[in-house]
Amino acid sequence: MQSKIVVGGLPPAFSLFPSLNKTFTFHQILVLIITFLAYASFHASRKPPSIVKSVLGPSVNEQSNSPIDNGWAPFNGTEGTQRLGELDLAFLSSYALGMYFAGHLGDRIDLRLFLVFGMMGSGILTVVFGLGYWMNVHLLGFYMTVQIVCGLFQSIGWPCVVSVVGNWCGKEKRGLIMGVWNSHTSVGNIVGSVIASSVLDSGWGWSFALPGGLVIVSGLVVFMCLVVSPHDLGFEEPGKEIEMSLAAETVVVEEDKEDDDVGLLETVNLDDDDDSLSAIGFLEAWKLPGVAPFAFCLFFSKLVAYTFLYWLPYYLRHQAVAGVYISHKTAGILSTVFDIGGVFGGISAGFISDKIKARALTSIAFLSLSIPVLIMYRVYGSVSMFINIGLMFISGLLVNGPYALITTAVAADLGTQDSIKGNGRALATVTAIIDGTGSVGAALGPLLAGYISSRGWNSVFFMLIVSIFFAGLFLVRLAKAEIKEMSSSGELIASSGP
């Protein structure tokens, strides 16, 4: 059997410094660090719009709690929050659209160069958005166009980093490992919030310019150092033939049946006469077990997570805590507490799901607990700063846990189930459905928040709670099946005892 290997050559750093060619474990760690840095920088460059919302949009009269017609045109005035929501939609909708195509395109392009291309484009366009401050641009079309194109560049990042990590890592403790690695999203949000907030007083343009520069610098690191596949360095484990596919966002391995040390996502045996490289229909992929429930669950989960991502600093700025309104800078930095909770949420969700071997049940547990916590945050978050921070941390942990789990370990599970039988094109379609559907929800959440917030924040929190309810509802049937399987396994173990 001939396998399809799509890899790039060695990066320049390995030609300049031959001593870098060390052990396999060294390169695994290096790849995890570089891909972590790369995607964290992507997320850092997504934070500025949420940080500057309170500056661009209409301010609130602290006495009457009514909008004041100032800010930055065209985002000031009574419809300012709606325009800001539409700006989020422009970015996230193009990002969601790009997710359906980036994996397939990258399958035919050098992965390292494709990722660098996405990072450079994202960084430059983030800086260009900030130039609107110094060039005194007040055209909505300018900012919309920049965000749309930037969203397309940003969509390149996720398929690339997942594919590269899939080439280097095994599936042992997949949920925990992916949970730790996936904390790059929250870490990036934290870094972006701190950078954008710290320079906000110097002009909101700097809040875009610096994170944009960070992505560009990170892109240079990727260009110089990232090794896409072990094959590029001559590593290959005995008895295995590795087939790498960006479109699949995974590694497919042919090996002996008794060998458990497999790729990040799954191991499958391919016969010479199978059609593993043929494409699967889009509707056929939707019918695969578990794909639709998790796709719709991610739709609502990402809707909630991205609403917090894009609107939490604005909310904190315009809600009095212990009778005091905090500054723009303080609101931006304080919002990082939600992302810090998200780091712990992703790791704990992955760890728990590994232990009980139940992804859906773990996700439902986190989602169910998040509903009362969000209610408490809305009702009691204004009592004191201590209570606000505590409830914000727990909210981030519970909201981001399922989101992180589904985008990593769950997508990996669904993309490598037995019914696909190693079809790389099927894997590509499955992952596109999961991530793309979730990104559509991510696009709608901030838009709806922009419109609904003008009626009051109680309405926004109601929208979030309803979304969480539906996210959990889509997983009920799968959770029941997992509970049944766990019970059957327990009975089997008991019956086999002495």
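One-based numbering along the chain as shown.
Cβ atoms here come from the backbone N, Cα and C positions, even for glycine.
Just so you know, TrEMBL annotations are computer predictions that nobody has curated.
As recorded in TrEMBL, the features of this protein are as follows:
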TRANSMEM  24-42  transmembrane segment
DOMAIN    33-484  domain 'Major facilitator superfamily (MFS) profile'
TRANSMEM  113-134  transmembrane segment
TRANSMEM  140-168  transmembrane segment
TRANSMEM  180-200  transmembrane segment
TRANSMEM  206-228  transmembrane segment
TRANSMEM  291-312  transmembrane segment
TRANSMEM  332-353  transmembrane segment
TRANSMEM  360-380  transmembrane segment
TRANSMEM  386-414  transmembrane segment
TRANSMEM  426-448  transmembrane segment
TRANSMEM  460-479  transmembrane segment
Run the contact check on the transmembrane segment (291-312) against the transmembrane segment (24-42): 3 or more C-beta pairs under 8 Å, excluding pairs closer than 6 in sequence.
no
With a Cβ cut-off under 8 Å, give me the same-chain residues at least six positions beyond the ends of the transmembrane segment (332-353) that come close to it.
50-51, 174-180, 182-183, 185-187, 189-190, 193-194, 196-198, 200, 305, 308, 312-313, 316, 326, 359, 362-363, 365-366, 388-389, 392-405, 408-409
When you check the transmembrane segment (206-228) against the transmembrane segment (180-200), do you get at least 3 Cβ pairs under 8 Å, counting only pairs 6 or more apart in sequence?
yes
Counting Cβ pairs closer than 8 Å, which of 113-134, 180-200, 360-380, 460-479 has the most of them with the transmembrane segment (24-42)?
180-200
Can you work out which residues elsewhere in the same chain, 6+ from the ends of the transmembrane segment (180-200), have a Cβ less than 8 Å from its Cβ atoms?
32, 35-37, 39-48, 50-52, 55, 165, 206-208, 210-211, 214, 309, 313, 328-333, 335-336, 339-340, 342-343, 346-347, 350, 396, 400, 404, 407-408
